[in-house]
């Protein structure tokens, strides 16, 4: 089934957003590598790789549905982070933007009665909400410790819950 042009444009926008956020998360990981929060750098890098995978998945999905693709002017990420707290605050803002865009895409797919796209974006919403919770939890722990090394006990707790860090 040919995809509606409105949905096609919305998917392009989400691909661009996922790509930009992927770059942004890798930048954040690079920043964290040079702080006492190195374990979180590994986690942040994995998040960036997941967002990159989302962009590639959407690229392939759109290619399958449309046949030809044009990806122009991908946004460049910024990497100005005065503290680990602000790194995660920025990551949380990025995640909210992706969730909002994905919800809009899902609503458009429902409106257009495109059930294949509905299923794809429903799964993305669930995954993004789960990731948002992880980012929020870390953000709050860093906030409680005021960017200090007192976070060490929290890191051990968090690492038990984040199996991806061990990969």
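Here the Cβ of each residue, glycine as well, is placed from N, Cα and C on the backbone.
Curation does not apply to TrEMBL; its annotations are automatic.
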Which residue of 18, 33, 60 does TrEMBL report at the same Fe cation site as 51, 54?
18
In DSSP terms, helix, strand or coil for residue 51 (Fe cation binding site)?
helix
Shell list (Fe cation; ref centroid = CB of 18, 51, 54; cutoff 8 A):
17, 19, 21, 22, 50, 52, 53, 55, 58, 98
